[in-house]
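Database features, via TrEMBL:
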type	residues	note
DOMAIN	11-227	domain 'Glucosamine/galactosamine-6-phosphate isomerase'
ACT_SITE	Asp67	active site, proton acceptor
ACT_SITE	Asn136	active site, for ring-opening step
ACT_SITE	His138	active site, proton acceptor
ACT_SITE	Glu143	active site, for ring-opening step
Amino acid sequence: MQILQARDYNEMSELAAKRVIDQIKSSPQTTLGLATGATPLGIYQRLVEDSRKNGTSYRQVSTFNLDEYVGLSPEHPNSYRYYMDQNLFSGLDIDKARTHLPDGMAEDLEQECIQYEEKLKKAGGIDIQLLGLGRNGHIGFNEPGTPFSSRTHVVELDDSTRQANRRFFDSLDEVPTRAITMGIASIMEAREILLLVSGDKKADILHRLLEEEVVESLPASVLKRHPQVTLIAEEPLLSGHKRVTCP
Ligand SMILES: N[C@@H]1[C@@H](O)[C@H](O)[C@@H](COP(=O)(O)O)O[C@@H]1O
């Protein structure tokens, strides 16, 4: 795991956005794996700005998001499809048909998971995957204890995750109890992964990630087994840690 220290949120966003933009310029047919939550907003803002200013084109880019809430329609302001449309896709020349999120409204959720994996495979896999870090160590919505062998599946969200995401909703009752998420094995197949960590609330979990063994009770720890992961974190969160280099 390569570790990049960023001075602050802006620099973290800048470094990650630059990596994505460089990739798209050198390979216009890139497939991106995308995340939601507060962390990647600065990156998306920069991608949109760069596209407007410098004309970077996303016409041939495909995207796959990590996850979606079960029961929220694309028009629901808290659905991840809505988030992606608002914060990224509407600002780019991307072909909407090439943007993929699991369908949380699907009648047959199990079938939806299988189809999502098939689409991912057909697209040739993910070139760069953006990842945030849940406060309990989840990646996507793979909660602690999720098998590392998991593929796209339906999850029951942990209470702590619902509490953490409550800030985006009017009340806790409105936070869905289930989601569809790409599995850990699906995420690990990405050719390159950028893990972004920002904010005081992530200090404890980042400390655990850097110090603990690779265990299923800490889903993000699996990333230490991936050959091409870059952790970009704000400097204060990294101070006092030995640099981690893992196979
Ligand atoms: N499913 C998402 C994750 O993909 C995200 O990484 C995490 C952290 O979110 P934030 O960036 O808001 O801290 O929250 C959600 O639970």
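Cβ coordinates are placed from backbone N, Cα and C, and glycine is handled just like the others.
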Active-site residues close to ligand 1 - of Asp67, Asn136, Glu143, only those whose C-beta is under 6 Å away: Asp67
Between Asn136 (active site, for ring-opening step) and Asp67 (active site, proton acceptor), the C-alpha gap once rounded to whole angstrom: 17
Alpha-carbon distance [Asp67 (active site, proton acceptor); Glu143 (active site, for ring-opening step)] in Å: 12
Rounded Cα-Cα span from His138 (active site, proton acceptor) to Asp67 (active site, proton acceptor), Å: 12
Close in space, distant in sequence - His138 (active site, proton acceptor), Cβ under 8 Å, 6 or more apart: Pro144, Thr146, Asp158, Thr161, Pro219, Ala220
Segment-level pLDDT (mean, integer) for the domain 'Glucosamine/galactosamine-6-phosphate isomerase' (11-227): 97
